[in-house]
Amino acid sequence: MMRALAAALLFLPLAVLAQGTDLFHAMDTNGDGRISEDEYVTYMSQGFYRLDRNHDGILESDELPGGRGGPVTLKQWQDNLRREFHKLDRNHDGYLSPRELAQPPM
């Protein structure tokens, strides 16, 4: 199950790099020039909602990229996003700067 979740999230850091500052500004919903954990999780959870075709709050294998793995709940998805946020937050201030967001997680 966690393997499927990891596979589904592999594309997320690449998407972040590809989108650059536009993505940063989209995530920074309060416009303070930094991204909080909540802003990150809220924005990145959109991927879950797009994949959850039957809108049951669970990603089954047929909804995951590659059609393998699952099930993955929204809570599991968001828990993984929180772990990724903390990996990206290199200075451990609880926020992501544009530079931190552009770097792949450690």
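Using N, Cα and C of the backbone, Cβ positions are placed for all residues, glycine too.
Fair warning: this is a prediction, and the values are worked out from it, not measured in the lab.
Feature annotation from TrEMBL assigns domain 'EF-hand' to 15-50 (among others). According to DSSP, the domain 'EF-hand' (15-50) comprises 26 helix, 2 strand, 8 coil.
For the domain 'EF-hand' (76-106), the number of residues in each DSSP class (helix H, G, I; strand E, B; coil) is 18 helix, 2 strand, 11 coil. Look at TrEMBL and you will find 76-106 (among others) tagged as domain 'EF-hand'.
According to TrEMBL, the feature signal peptide maps to 1-18.
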